[in-house]
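Below is one structure; the comments refer to it alone.
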Amino acid sequence: SIFTDLVNLSWLRLTHSDRSVCKMLGSPEVPLLSKKGDITIGGAFSIHSQISQGLLKCYFSQLFRINFSEFRFAQTMIFAIEEINNSSSLLPNISVGYKVFDTCGSTLHSTRAVMGLMNGQDSALGGTCSGQSSVSHFATCACLSNRKEYPSFFRTIPSDYYQSRALAKLVKHFGWTWVGAVRSDNDYGNNGMATFIAAASQEGVCVEYSEAISRTDSDEEVARVVRVIRSGSARVLIAFLAQSEMNILLEEALKQNLVGLQWVGSESWITAGHLANKRYAGILMGALGFTIRKTKIKGLQEFLLKVNPSQDPGNNLLKEFWESTFDCSFQSSLSGQSQCSGSESLRDVNNSFTDVLELRISNNVYKAVYAAAHAMHNLLKCGKNGKSSDHSCFRQAMIKGKPICCFSCIACAAGEISNSSNSAECSRCALEFWSNENHSQCIPKVIEFLSFGETMGALLTAFSLLGASLTLAVSCVFFRFRHTPLVKASNSELSFLLLFSLTLCFLCALTFIGQPTEWSCMLRHTAFGITFALCMSCILAKTIVVVRAFKTTKPTNAQCSAPLQRTSVFSCTLLQVLVCVLWLTIAPPFPYKNTAHATERIILECDLGSPVGFWAVLGYIGLLASLCFVLAFLARKLPDNFNEAKFITFSMLIFCAVWITFIPAYVSSPGKFTVAVEIFAILASTFGLFFCIFAPKCYILLVKPERNTKKLMMERNLSN
């Protein structure tokens, strides 16, 4: 397991001989490898194995034979810690230390190692509470998933709940419905086998027997278990065993020549390298099981090959490792053994310590260290000792079922702040304010409106000015050719008035851009309504003139229609002016700060004041446009070389299409895009009117002047 603590711990040092450790029950545990740091990460590994126990009242343990694989796990932990200490992004300016403990593969020793770490003198984080959490790299017992009993236990290896169920499905897959079972007599084996038996029964697999062994069992008990296996009729054996129990079982299996079984193993021994040899080949050949995922850890091999007693001359574990690896001794008095020089090279050694081809458990150790480091990093970002930090944590969220001093440090919600450390709750900002990036203070919300400076506002302004400029240019062309038959036939007075109204339509779009004020809100809608009413009145008058021109037989009647034209334009426009005045008098538009649409910003827009007034203005324009379209459509086939009704029909089609499309787009567009949609509709419809009505005339005036004759204007095309 990997344990973390936030302070340096004080420990009682004991003497560690080169080949054994004598520990008395209840004495403090001693780390075999250690390094000081601001944060201490503790690791518990079965560096030694083979425990022989005495029956004395004072309990002693003798440890034999260093386990190279477990020693590699410990060095992998140190390697990960050194990587973290050299990192500029993870726990910067904080040193990480370590303490490595030897559990001897014993529950008792593991418990003492954990208690030894937890009983150190520590201080509370942030003045609230303290505690240690474990991150296990190899503890797979499903019982540890119980959050009520083990609330601070985490692991980087899957629970046996999944392995046991997978083993049941594996057995079922091969059609093995009659099996035997043997397990370690501890939580690992008992819980794992219980889950397997339950899952196997659901799959239709029957278990003939289920035996348990412990590494502390007598030889007679182990022999009895092997005899049960031999005498059973099941030819498939499920071995949910830790490596230590597996070693004991195999030795007895060799003595009793236990062969002819199909072994299905748990992850603890199925990939153990020391079992893949000729000694056990007759027993374990064809064994199946699920393995821990393997990977590569960059730089680990070079780190392992640099391990040397010279790194810590006073460390007996490093000396013991060196002596076991090279079969030598640092003590010259021992006979029959060569003298260790310390200059031997691990590059010439091929054992489970230097073998990094299949890093399975080592990868779990590596991830466990980084998990602990990242947890500390995230926790320390919240600040400690009452000091605030630049990160978004300050409030404390209570954890259900835990003391009040235990809490989760979570970020305040958007729009909330906490300007004091260890705050119990966050404060909501005022309506026109929003929280800054780290939720430490309220700042004024960003005010959004369609401005001249932004890209969309600048483009719409450019198109508005372009349209006004083109209209003025056409006005100049018409003035230049005002005495020509084409301009006279087009009713020059109405044409100039229409060009004037189109110029105002283009320019009224500018009133919608910029920060809304009381005057601009009233101006933009009334200017839009009146200018478009004037434009539609002029087109309606021109359409009526075209129709009357073909219905009359006396030229004087057509000439007498000029006062009527002015009256109709004036009266139609005046009606829209009255509607606008009534709107401004009763409920005029006004600037409004919209905070409902977007919580993090204020949308400054013009409230219509009276929606009825707005839709009345828009509806009146639509009525005039509809009349123009109907009359122009009816007059589109009147015989003439230059029938202006056709062009008015096209212009009205575009105008109506734009404004019909505008309504749903206007209602659904958010924020400043509502204004942009309205401006787009104004410009698009105005450009449609301008090009459809005046482009053909300018083409004849400027490109085809030979067609600008009175004869052609008066000549009727009877073929139409």
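Note: Cβ is positioned from N, Cα and C throughout, glycine not excepted.
Straight from TrEMBL, the features:
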DOMAIN    456-717  domain 'G-protein coupled receptors family 3 profile'
TRANSMEM  456-481  transmembrane segment
TRANSMEM  493-514  transmembrane segment
TRANSMEM  526-547  transmembrane segment
TRANSMEM  568-592  transmembrane segment
TRANSMEM  612-635  transmembrane segment
TRANSMEM  647-667  transmembrane segment
TRANSMEM  679-703  transmembrane segment
Query raised in the report: Near the transmembrane segment (679-703), which same-chain residues lie under 8 Å Cβ to Cβ, leaving out any that are not at least 6 residues past its ends?
Result: 450, 460, 463-464, 467, 470-471, 474, 477-478, 481, 484, 486-487, 490, 498-499, 502, 505-506, 508-509, 512-513, 528, 535, 539, 642, 644, 647-648, 650-651, 654-655, 658-659, 661-662, 666
Query raised in the report: Where else in the chain does the transmembrane segment (568-592) make close Cβ contacts, counting only residues six or more beyond its ends and a cut-off under 8 Å?
Result: 494, 497, 516-518, 521-522, 524-526, 529-530, 533-534, 536-538, 540-541, 544, 604-610, 613-614, 616-617, 620-621, 624
**Report entry** Chain residues in Cβ proximity to the transmembrane segment (456-481) (below 8 Å; excluding those fewer than six residues from its ends, i.e. six or more beyond)
**Finding:** 450, 487, 492, 495-496, 499-500, 502-503, 506-507, 509-510, 513, 672, 676, 679-680, 683, 686-687, 690, 694, 697-698, 701-702, 708
Requested in this report: State the non-local partners of the transmembrane segment (612-635) in its own chain: residues 6+ outside its ends, Cβ under 8 Å from one of its Cβ atoms.
Outcome: 525, 528-529, 532-533, 536-537, 539-540, 543-544, 546-547, 550, 572, 575-576, 579-580, 582-583, 586-587, 589, 643, 645-646, 648-649, 652-653, 655-656, 659
Report summary line: The predicted model's mean pLDDT over the domain 'G-protein coupled receptors family 3 profile' (456-717) is 83
